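S.K.: So TrEMBL lists these for the protein:
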- 11-53: region 'Disordered' (REGION)
- 11-34: compositional bias 'Basic and acidic residues' (COMPBIAS)
- 69-247: domain 'Protein kinase' (DOMAIN)
- Lys98: ATP binding site (BINDING)
Amino acid sequence: MRHWLCCNIRSGDDDDRHEVEHSKAQGNKIDGKQKSSKPADQPEPDISPPTIDVPELSFEDLKEKTDNFGSSSLIGEGSYGRVYHATMDDGRQAAIKKFDASENEPNDEFLKQVSLVSRLKHENLVEMLGYYVEGNYRILAYEFATMGSLHDVLHGRKGVQGAQPGPVLDWMQRVKIAIEAAKGIEYLHEKVQPSIIHRDIRSSNVLLFEDFKAKIADFNLLNQAPDMAARLHSTRVLGTFGYHAPE
């Protein structure tokens, strides 16, 4: 009995399959002609370059303003490259970040990050002034922190042997710096869509301007996961040891 049921079910399936195939064959005909199964042409994806809201700078002009990226204009360096001081054509003081040549990321991907950063506008976020990307050269210009970083004030200029701390901050100055830094972080984390997680908050990334105005700097867009769930579940260690959360 069991064998008969199996055969009966299989036979029914065969009949159903033939009926479905026959229906499909009839449905694929229009006015006696066989319909083409070839999908319609799909529009090509938009590959136009991203919009960047700051001017593209001239490499020759940058060389001239930084003494050919010489030591006399050098004001800092890190794992990413070096930073030079320059005066822009409009008279603004600028920090010129010249990144080390790297083949890890194509220029079009880097330009996407530049496009995003160029649109970030907040009084407590260091403003991008311009860019230059060509071949292995990647250069970004930011507004210059006239009073250095919070680290410079608290401990002396970073990387300079024997550097002395700046003036002792009174309580009102400390509170002002803390509140303004928090506003910059809030803007990145909560107001920008998609949100940007800084992941490396420390005193050297809080830059100070006239009247001890604090602005957040040096957030790395390359560390951003494509969605919030991926960010929250990431186990990659980022940031600076000593400033990590205990967990």
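Glycine is treated like the rest: Cβ placed from N, Cα and C.
Whatever TrEMBL says is automated annotation, not expert-curated.
Walk me through the surroundings of each of these features.
M.R.: In this view, Lys98 (ATP binding site) is surrounded by 20 other Cβ atoms within 10 Å of its Cβ, with every protein chain counted. In the three-state DSSP reading, Lys98 (ATP binding site) counts as strand.
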